[in-house]
Amino acid sequence: MSDNSLRLVWIYPDLLSTYGDQGNALVVERRARQRGLDVARLDVRSDQPIPTSGDIYLIGGGEDRPQRLAAERLRRDGGLYRAVENGAIVFSVCAGYQILGHEFVNDLGQREPGLGLIDVVSVRGEGERCVGDVLADVDPQLGLPQLTGFENHQGVTHLGPTARAFAQVKIGKGNGTGDGTEGAYNGTVFGTYMHGPVLARNPQIADLLLKLALDVNALPPIDDRWYEALRNERIAAAQQPA
Ligand code: GLN
């Protein structure tokens, strides 16, 4: 953070924005402004370089081919590695999450290298695609309420020894490994399978990213009654028998 200005980078909206991922950028931006911060938001298309001096980076979900193209370009660009070395916070969803791991299976059925910023490996699941509502309890170290989301993925993600599970599913498949884990993180690089967009449904995650960026333990509260109503509605919907 420089002065009172937050640099928010949304990576590759042209490739990884299949699931309303712009909502995640809007929520971080708005909640930062509500706390009196200036926000410089940069939407970086896949033919543009990734800036290395951002505070928070967001990467969304996508279909298999754009996911491969995004991984190739991010590897070639190298900027996100440098940003993380500089202490940046990264929040990734689904295809973005798989790209931040060591590898995933691409649209050609081949093992595609990721960026290795989260200690996970994704494979193609043999079973049915994981589709549906998710309720998940977050790693207690992160101090967040129960999350709601919606997942839609074929990939199954295995955590390596240094990754921590982001959450444990109460409803839904999460990483799809059968152990109940959902998403993963290493340091300040986070990944989840939850869409929604997930920060619109769980603004407390956006606040976590802001707290990490500002290096503070608390933020001024915001009237979140609308979000709470949405949360309660989605919890009730997720608990309906299919
Ligand atoms: N293509 C990946 C999968 O199916 C990611 C999908 C997504 O981003 N929703 O696992």
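Cβ atoms are placed via backbone N, Cα and C, with glycine included.
These come from TrEMBL:
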- 8-202: domain 'CobB/CobQ-like glutamine amidotransferase' (DOMAIN)
- CYS94: active site, nucleophile (ACT_SITE)
- ARG129: substrate binding site (BINDING)
- HIS195: active site (ACT_SITE)
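A map of TrEMBL features onto the structure.
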residue: CYS94; record: active site, nucleophile; DSSP class: coil
residue: ARG129; record: substrate binding site; DSSP class: coil
residue: HIS195; record: active site; DSSP class: strand
Inter-residue C-alpha distance, CYS94 (active site, nucleophile) and the residue listed as 'substrate binding site' (nearest angstrom): 13
Recorded positions listed as ARG129, HIS195, least Cβ neighbours within 10 Å: ARG129
Measuring Cβ to any atom of ligand 1 with a strict under-6 Å cutoff, which of the recorded positions CYS94, ARG129, HIS195 qualify? CYS94
Enter the number of other CB atoms within 10 angstroms of the CB of CYS94 (active site, nucleophile). 29
Average pLDDT across the domain 'CobB/CobQ-like glutamine amidotransferase' (8-202), rounded to a whole number: 97
